Amino acid sequence: MARSLEGFLVLIVAALIYSSAVASVFQPISDSHRSVALELFTPLEGSFSSLAETYEALRTFEVLGIDKKTDINTAACQSVLETLGSSSSALKDLFYALKVKGILKCEIRKDVFEGVTSRLQATVSSAGALLDFYYSVGGLVIIKDQISKDDLYLADAEGVFGSIKALSQSDGRWRYNSNNPESSTFAAGLALEALADVVSLSSSEIDQSLIGATINDILKLFDSIEKYDDEAFYFDEKLVDAHEHQGPLSTTSSVVRGLTAFAAVTSGSLNLPSGKILGLARFLLGIGIPGDAKDLFNQVDSLASLESNSVSIPLILSLPATVLSLTKKDTVKVKVNTVLGSNAPPLTVKLVGVFRSGSKDTSLVEGQELKFNPESAVYALDALPKSVDVGKYTFVFEMVLHDPDHLNLYATGGQTQIPIFVTGLVKVDSAEIAVLDSDLGSTETKKIDLTGENTVSLSANHLQKLRLSFQLSTSLGHAFKPHQAILRLTHESKVEHSFVVGSSGKHFEINLDFLGLVEKFFYLSGKYNVQLTVGDAVMENSFLKAIGHLDLDLPEPPEKAAQPPPQLLDQKLRYGPKAEITHIFRVPEKLPPKELSHAFLGLTLLPLLGFLIGLLHLGVNLKNFPSSSVPAMFAVLFHLGIAAVLLLYALFWLKWDLFTTLKALCFLGAFLMFVGHRILSHLASISSKLKSA
Amino acid sequence: MSPPHRVNPQPISLSPRQPKDPTTTKMARSNFSVLTILSVILLLPVLSLSFSPDSPSDRRLLVLFDDLSLKSSHSIFFNSLKSRGFDLDFKLADDPKLALQRYGQYLYDGLILFSPSIERFGGALDLAAVLDFVDSGHDLFIAADSSASDLIKSVATECGVDFDEDPSALVIDHRSYAVVGTEGDHTLIAADDFIESDVLLGENKIEAPVLFKGIAHSLNAANNLVLKVLSASPAAYSANPSSKLSSPPSLTGSSISLVSVVQARNNARIMITGSLDLFSNRFFRSSVQKAGSPKKYDKSGNEQFVAELSKWVFHERGHLKAVNLRHNKAGETDEPAMYRIKDDLDFSVEIYEWSGKSWEPYVANDVQVQFYMMSPYVLKTLSNDKKGLYHTSFKVPDVYGVFQFKVEYNRLGYTSLLLSKQIPVRPFKHNEYERFITAAFPYYGASFTMMAGFFIFSFVYLYHK
């Protein structure tokens with residue numbers, strides 16, 4: 001269950017990633033691949049990290065026709081020499097060293113080769129694991145090709161073939177070695193390559209039954225092929241959590257490499273449906289341009305082996321543009337290339353039929369041949385058929401090879417269906433907007449121009465209706481129904497309401513009965529902006545027009561009416577700085593001006609003055625002052641005491657606190673009482689003497 | 001609020017280098033390397049927590065895919081992250097060993113969800129774990145597309161963004177689509193309605209439109225932390241391009257958001273978009289021409305847009321810190337324990353912005369301080385010296401009580417600063433009031449003449465004959 005879900009997810013995701021492949025327009029390898037290849041395979045300080053990587057870079061450059069060998073040459077050849085010369089280098093490194101040497105043609109002494117050859121031959125005879133076979137046999141084949149050593153043969157080719165074959169499983173997949181029960185599709189590709197190498201190294205014919213059994217395996221492997229809905233085929237590993245998980249791309253490219261290698265050595269005995277080969281090519285092209293060096297190598301290398309395979313060479317029909325404009329008088333242009341972008345053999349491209357998309361009716365055109373322009377290698381139709389109006393179509397093309405011998409050599413995939421958008425201008429006519437009374441008919445109808453600016457101002461209440469109508473027709477005069485025909489009313493508070501404008505034929509009309517919409521409008525009265533959007537994928541003059549505004553007078557909302565949804569706050573409002581706040585201090589109490597206080601100070605002195613003048617006027621004397629010395633001393637002390645109390649009072653006002661003042665007053669008071677009592681009793685005795693006298 | 005304490009990656013530089021002295025014995029050298037290895041092993045758990053308030057950039061990102069081929073088809077984006085020093089861990093979203101934390105410590109600082117169709121994460125990861133991850137201050141990067149699963153949609157919903165519920169709907173725009181010969185259904189949008197914010201999108205204006213192909217989302221009006229970074233044009237709508245439109249589309253016009261970001265209250269940052277292709281090599285390299293505009297750009301704005309936005313999301317920009325909040329009486333330098341009403345005071349704070357490598361002075365003219373007790377009594381904009389020091393002075397209001405200095409800095413795209421420092425304010429003491437008020441002179445005069453009169457009268461009364 002989980003597995004099938006897994007596969008399904010991978011399928012969906014891959015379909016989405018490769019959405020450029022939707023509409024089954026596959027573009028062959030182009031210049032953008034070359035620039036990306038140069039970007040991805042950038043040697044660090046003149047060399048790559050490993051020989052395998054060096055080989056991948058060189059092979060990619062070779063297939064794409066980029067001449068970068070000189071840059072890498074010296075460092076790579078040095079590394080090849082070291083690897084081949086050392087007796088302890090790993091088998092894998094030997095293999096890639098030989099491959100790099102095969103491309104770079106490094107100078108290597110003969111005795112080094114002898115050593116490597118004998119080492120590889122020894123490995124072949126003792127090998128048990130698939131990778132050992134793959135590297136050693138592959139290495140021997142390169143040595144044979146490189147130094148044209150025709151006498152290099154495997155001693156027991158059939159035996160080796162048999163032991164590789166023994167690792168195969170009944171479903172066409174291979175195991176890496178006999179101890180490990182896990183089988184993989186990726187390994188099948190490696191095994192097929194190794195088998196092909198064994199065949200080419202064999203001195204005699206390999207037993208046909210063994211070849212036949214292998215071909216059977218290949219056919220079984222193709223039973224497990226997976227498919228996208230755009231006719232792209234690919235291989236994927238069944239075991240997802242295997243130790244080294246190979247993605248669909250590396251798996252597919254491994255199988256493609258093995259398949260083409262095996263087909264090359266068995267010349268014609270392998271018959272695979274050409275549709276599947278074309279499907280594999282579509283998958284590899286559908287990836288687009290990988291962003292990973294390894295992926296790019298896998299894609300380019302397997303496409304290169306498809307380009308020259310002996311089963312069937314896929315031909316890719318592509319369109320530079322699937323959007324054709326009637327106003328610009330675009331015509332259908334078709335290119336046919338091999339996967340790597342080289343020109344196809346002589347053939348004719350036929351337009352078999354043109355169908356409106358979504359309808360299964362008869363074709364709009366009879367079979368038509370496209371004219372070939374040898375200079376640009378483009379097949380073109382003189383002009384679009386007269387009956388083709390704006391809209392979505394499916395064009396069906398067919399490739400017919402001129403040379404009957406090519407029929408088996410090339411895979412054309414029969415008829416190719418390609419969706420085409422034919423775009424053009426749409427006429428907009430007789431647009432009107434009106435507010436209607438529900439019974440009496442129109443009160444005010446206003447013509448609007450949907451190509452220019454409009455500022456219509458309308459007003460309506462909840463008993464009235466708004467009617468908007470317009471006409472759309474194509475340049476050929478047919479009715480046109482756009483995908484998007486939306487009337488939008490936007491209230492001042494940004495609450496929006498959208499309505500789809502319906503149509504009958506060319507005529508589009510919408511009636512908004514506000515009585516039924518009051519609740520939907522949340523009882524919001526006020527100014528509504530009216531906007532009309534008409535657009536379609538094939539309409540070149542799609543428009544969004546502000547028509548004007550509508551003053552709507554709706555009844556007061558009842559208590560339980562729904563509240564309008566909250567609207568987003570303005571971001572500036574939310575994040576801007578706040579207004580500054582300054583504290584307002586309490587105003588001090590208002591005081592009279594200084595002059596006034598001083599004047600009143602003067603006034604307060606007046607009573608004392610008056611008192612003194614009065615005393616002088618009365619003729620005051622101090623004759624009663626005691627004449628004897630002791631009472632006189634007490635009198636002086638008494639008045640000094642009073643003066644001190646008054647001074648104390650002044651000090652209290654100026655700086656002392658209550659406690660200091662009271663302390664001083666205690667002593668002063670006691671003293672004052674004593675001296676006061678003496679002087680007062682003295683004065684009293686004098687006055688009583690006077691009375692008695 | 002603040003992210004859990006994490007140690008910055010500097011300790012690695014403390015690990016001893018190879019001894020330079022060639023005479024060192026082999027024995028000693030091997031001892032040394034053992035020590036080095038030991039110290040590295042000991043430091044490892046510490047190193048895995050590379051986020052710290054001192055260097056807030058996230059360094060370790062977990063990238064989840066539905067399909068590993070995305071690693072290759074989106075390689076430019078990932079390589080740009082790697083070249084900026086991020087440590088990326090690529091995993092399948094249904095990997096049974098997935099985990100964001102181990103022994104209570106988070107293993108990653110950011111999560112990139114490039115797995116739109118995943119219905120159930122593998123391992124210990126689920127919706128709650130993702131939300132916990134964000135709640136603890138980590139960053140999230142979500143890209144969905146038309147295959148978006150309920151899981152991805154619910155993660156987005158939790159972040160304040162609602163994807164269109166119609167699973168077959170795509171953003172369509174018949175007015176601002178990208179003109180491409182092979183894309184006729186106007187679902188490839190050339191969007192150029194960016195948010196105006198240098199901190200989010202960098203100082204260099206993005207000239208070329210951004211290519212977008214995917215699903216629409218809208219912002220939840222109740223969530224005021226979410227921002228629309230790239231909005232659709234007013235003519236856009238969200239619908240299934242291949243079926244007839246019978247009812248009005250639920251999302252239309254500029255209310256459609258193409259790319260949104262969220263900055264949570266704990267400064268975790270989230271980016272959400274409905275287009276996984278936005279990050280693809282194909283869109284990065286594609287030339288772009290917006291419908292109706294004669295100008296054709298050789299390269300779309302995607303690479304710049306994505307690079308700038310990812311800098312923001314992973315805290316390489318817009319992360320502020322405030323230090324050294326200080327205040328004192330005018331003319332003094334020490335911080336008092338209390339102010340009296342109507343004192344003049346100086347206030348200063350230093351604010352720095354993280355540039356990805358170091359703390360740079362932050363320069364702005366809208367930083368404000370509040371003198372706050374229940375409500376702000378004084379709110380003043382601070383002036384700065386362009387070196388990160390913000391300063392102002394004001395008079396303490398004539399209201400006593402326990403006040404706070406408050407710096408609340410919330411700006412679009414910046415992390416929010418919330419600082420406060422408590423300080424009591426007392427009224428005048430009894431002896432701090434004004435003495436000898438002029439207006440009272442008549443009273444003083446009256447008392448003293450009275451006293452003088454009494455003194456004279458005492459003589460007259462006693463000794464007059």
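Every residue gets a Cβ built from N, Cα and C, even glycine.
The annotation domain 'Ribophorin II N-terminal' is assigned in TrEMBL to A:29-307.
Among the features that TrEMBL reports, domain 'Ribophorin II second' is placed at A:315-422.
The domain 'Ribophorin II third' annotation in TrEMBL covers A:430-552.
Among the features that TrEMBL reports, domain 'Ribophorin II C-terminal' is placed at A:585-684.
If you look up TrEMBL, you'll see A:1-23 marked as signal peptide.
Under the heading transmembrane segment, TrEMBL lists A:599-620 (among others).
The transmembrane segment annotation in TrEMBL covers A:632-652 (among others). Non-local neighbours of the transmembrane segment (A:632-652) in the same chain are 625-626, 658, 661, 664-665, 668-669, 671-672, 675-676, 678-679, 682; each lies 6+ residues outside the stretch with a CB under 8 Å from one of its CB atoms.
The transmembrane segment annotation in TrEMBL covers A:658-680 (among others).
Within the same chain, the domain 'Ribophorin II third' (A:430-552) stays apart from the domain 'Ribophorin II C-terminal' (A:585-684): fewer than three Cβ pairs sit under 8 Å, each pair at least 6 residues apart. Break the domain 'Ribophorin II C-terminal' (A:585-684) down by DSSP state and the numbers are 78 helix, 0 strand, 22 coil. Mean pLDDT for the domain 'Ribophorin II N-terminal' (A:29-307) in this predicted model: 81. Residue counts for the domain 'Ribophorin II third' (A:430-552) by DSSP state, with H, G and I taken as helix and E and B as strand, are 4 helix, 78 strand, 41 coil. When DSSP labels each residue, the domain 'Ribophorin II second' (A:315-422) comes out as 4 helix, 53 strand, 51 coil, counted as helix, strand and coil in that order.
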